[in-house]
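Heads up, the thing below is written out as structure tokens.
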């Protein structure tokens, strides 16, 4: 009796965004966790210029000594299936005399581990939808809305979820109506956080305490995105909660909440604190919160997940004042492809809840394999 073939999983990582290196680090952890006896794994890196290549040595992408990895352009170029009737990856080019285009075998599901624009924002998801390819995570709309802090806040507020005070503007308005923008920002009250609307990993974010620091902060944000979001600084503990779709189709599952505390060296939980200077950050899983607040955080995380139409997984970030119970919860954002390195908060929260890293990856792939293609 022949054995059932192993599902073939294309793990896609890297990409054109400023979060390229973090995506590579995520991929190193996920590829090490995938069980080769269960899945046939195809690692595909996307270079910083958008070239898709087969990757031969995924271990090279681990974060060591603070050095940030990058997908090399030297691998075999690959492309997605040519139409919806075949699921075969395509090898582009080859040795002299070899066919210019050759099939590399069918893929059952894509695990996209890209962070930021051109990957997490619905663009890659749309490409996979065009080729009728199953993939892990949220679809085009939820991915795009979750990446755009302005759109996300509008959607969440429209569903009655608590969102902190904020404003948004584009670079051209900063150039033509600076006084108007400054007035809107100062109505929030200092300090504020100035952010690129469509970036993650705390890239391009500045904490501003007075008008004098505003121009430099806007310039930093605009260097990453012409759309800028400014948020009032909120009082409360920085709490995160993982959400995972239920394999049996029930209500989304939630992890025990975790807490982020910056204990020195940084004004807030910025890129360096997240990835390069963990000694000044305390990540606590589970967070030390009263039971009723934990329950309220988990309920809120599910509401956010469903309001955004998210699928597969997400991390919901909140500010919590435990003394005020459920009234002390404010939603900061949703991440539809959260940091997924073995030391990232999302897998750590699930480990504290009883789902270890390999099992978490396995569940996500199984969810994608069961999900229909096309409109759903």
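Each residue, glycine too, has its Cβ placed from N, Cα and C.
The annotation domain 'ATP-grasp' is assigned in Swiss-Prot to 153-366. Here Swiss-Prot flags 185-240 as ATP binding site, drawing on sequence analysis. If you look up Swiss-Prot, you'll see 317, 333 marked as Mg(2+) 1 binding site. Residues or ranges marked as Mg(2+) 2 binding site by Swiss-Prot: 333, 335.
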Discussion item. Using the alpha carbons only, what distance in Å do you get between residue 335 (Mg(2+) 2 binding site) and residue 206 (ATP binding site) once rounded?
Written reply: 20
Practice prompt. Taking only the Cα atoms, work out how far residue 192 (ATP binding site) lies from residue 333 (Mg(2+) 1 binding site), in Å, as a whole number.
Written response: 16
Worksheet item: Who sits close to residue 333 (Mg(2+) 1 binding site): which same-chain residues at least 6 apart have their Cβ under 8 Å from its Cβ?
Response: 146, 149, 152, 316, 317
Discussion item. Over the span of the domain 'ATP-grasp' (153-366), how high is the average pLDDT in this prediction?
Written reply: 91
Item to complete: Might you list, by sequence position, any residue in that chain lying six or more from residue 220 (ATP binding site) with a Cβ less than 8 Å away from its Cβ?
Response: 194, 204, 206
Response to the item:
If you tally other C-beta atoms within 10 angstroms for each of the binding-site residues 206, 335, the top scorer is 335
Worksheet item: For residue 234 (ATP binding site), what residues in its own chain, 6 or more apart in sequence, show a Cβ-Cβ distance under 8 Å?
Response: 164, 319, 330, 332
Discussion item. Under DSSP, is residue 234 (ATP binding site) part of a helix or a strand, or is it coil?
Written reply: coil
Worksheet entry | Which of 192, 213, 227, 317, all binding-site residues, has a Cβ with the fewest other Cβ atoms inside 10 Å | 213
Item to complete: Please list residues from the chain of residue 199 (ATP binding site) whose Cβ is under 8 angstroms from its Cβ, counting only those at least six apart in sequence.
Response: 17, 18, 19, 116, 117, 224, 225
